[in-house]
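Take a look at the structure below.
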Amino acid sequence: MESTFKELSGESVLDLKDKTGIGGGVEDVYGEDRASQDQPITPWTVSVASGYSLLRDPRHNKGLAFTDKERDAHYLTGLLPPVVLSQELQEKRLMHNLRQYEVPLHRYIAMMALQERNEKLFYKLLMDNVEELLPVVYTPTVGEACQKYGSIFKRPQGLYISLKEKGKVLEVLKNWPEKSIQVIVVTDGERILGLGDLGCQITNFESFAGNGIPVGKLSLYTALGGVRPSACLPITIDVGTNNKKLLEDEFYIGLKQNRATGQEYAELLEEFMSAVKQNYGEKVLVQFEDFANHNAFDLLAKYRTTHLVFNDDIQITLSYSWVLERLAWIYISVHPCLGFFSELTSTFGFFKAGTGIAELIALQISKETNAPLEQTRKKIWLVDSKGLIVCSRKGALQHFKVPWAHEHEPVKELLDAVKEIKPTVLIGTSGVGRTFTKEVVEAMASINQKPLILALSNPTSQSECTAEEAYTWSEGRAIFASGSPFQPVEYNGNVFVPGQANNAYIFPGFGLGLIMSGTVRVHDDLLLAASEALANQATEGNYAKGLIYPPFTNIRKISANIAATVAARAYELGLASRLPRPKDLVNFAESCMYTPVYRSYR
């Protein structure tokens, strides 16, 4: 496979300055990670934090867990009730309170408030209760939070760069207090989940959905992948919005103008990407998030050979963890039935142009069979809003769809395409709810003993079908996964546990692997390595319980294994700059992970 890595002009990878250290790949300036767990540390901010300022510093605040000795030493006596609670008891109390809320958005707001006042307790709570809280801080609740973010906005987290800052983006980046940034998640808000253009309203609260979506992603980098919170930076680029409702809303918090396009847009993004590298170095990871297709493709094509970048969720060829995780789903789903992709005798079917997923599957089939990529692409068919993508449409197709135009008569409707192509797998990435109708699912079930139905669009309202519909219409034979979670379904006396094809399985460990190895470019093989690493952690015991993925309770161990696999491949490709290579990459990944336990203060 041809590498997309581009030589750095006049500079060797080995010459790049490595600012990373232990503790999630960030330099341990204050010695916090080098201290043992029972060794006291100093709660530095700009100066030693104490008294009222210490209670208002989310990184060091412990609330009622400050001991009597710490309260005396740091002028906290009288500023807190007299009781001293352990972190474990605080966690138990908070979970009890959260469970009293019946509305998920209220839980989201409560979690946001916790993150703003006590960072370690927030991450400890999320890590220890990940299966229960992930749907609160991520999809599907994050979709509603993004829609209503303007009305629940409290204080900014992360950076906002608008057209007003054009010409001084570097100055804006320098305003952020943390200097050792390792991961940036950036969005322009044009394509938020399946909700469309939310402009600046998707933004901010640094952990699960603040800079709405960027903050949400970065909270998972920390909770699930162990990347230090101070190394994460959410950024919203505000170029306006074409959402008429927002433009007419007097409380809208972004620029009230139509979206900038063309040269004006490109110049701002170019200035941003140049400033990022200048301010944070060659190895800062930039994750493009929720850019519309017409910009996502161009941005990735332009910067993938000059920056460490990937795109998490727009259907972009070969380049993001959202695609990876879904490839892993298919890889895992097919395995118990057929063994490998190469053993599939039917064609894959897609709804909407999920070209990134398609390309990765074609690459995997090519690897297993040694067949040319052009040949393996022919096993994959795509459907968009105008019907089956075929050769007769080439003149009117967007460039990224052209490789998937095959010889066939035009077919307008999805149901007719299923009957004609007879796919093994139906994958929905359309962002259009209820497109997998009863007739479509029944047709898939008539063709396959175990039809794979992947309704991956988010949020729940945009899912192509529900779990109950998939199991009922297939008479309990479907293998089903969705982008947002669904409850277990009982059908004919059997209980089916629907899989959630959640990108949180992949991108936190993928990012950690890049950071800990000092990788300077994202190569296609790193994406495949991550998806295969996840697939390899599913067990026969998981299958027996109806689980396609390993349980989320093991997510930190899963992330460590993904990180190690990605790092190993980066070393093999010559893309890793941290030398010498650690002997045990899994142990090294685990040692790099941030641990949100309280520390004793001098």
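Cβ atoms are placed via backbone N, Cα and C, with glycine included.
Residues or ranges marked as domain 'Malic enzyme N-terminal' by TrEMBL: 115-304.
Residues annotated as active site, proton donor in TrEMBL: Tyr138. The number of other Cβ atoms within 10 Å of the Cβ belonging to Tyr138 (active site, proton donor), over all protein chains shown, comes to 28.
Marked as (S)-malate binding site by TrEMBL: Arg191, Asn458, Asn502. Using a 10 Å Cβ-Cβ cutoff, Asn458 ((S)-malate binding site) registers 25 neighbours.
Taking all protein chains in view, 31 other C-beta atoms sit within 10 angstroms of the C-beta of Lys217 (active site, proton acceptor). Taken from TrEMBL, the feature active site, proton acceptor covers Lys217.
Feature annotation from TrEMBL assigns divalent metal cation binding site to Glu289, Asp290, Asp313.
Sequence annotations record features per position, and here TrEMBL assigns domain 'Malic enzyme NAD-binding' to 344-571.
When other Cβ atoms within 10 Å of the Cβ of Arg191 ((S)-malate binding site) are tallied across all protein chains shown, the result is 22. Spacing of Asn502 ((S)-malate binding site) relative to Lys217 (active site, proton acceptor) is 12 Å (Cα to Cα, whole number). When the record's (S)-malate-binding residues Arg191, Asn458, Asn502 are compared pairwise by CA position, the greatest distance found is 18 Å.
Across the structure, Asn458 ((S)-malate binding site) and Glu289 (divalent metal cation binding site) place their CA atoms 14 angstrom apart.
Distance between Cα atoms for Tyr138 (active site, proton donor) and Arg191 ((S)-malate binding site): 16 Å, as a whole number. Neighbours of Glu289 (divalent metal cation binding site), defined as other CB atoms within 10 A of its CB across all chains, total 30. All protein chains considered, the CB of Asn502 ((S)-malate binding site) has 27 other CB atoms within 10 Å. Counting every protein chain shown, the Cβ of Asp290 (divalent metal cation binding site) has 28 other Cβ atoms within 10 Å.
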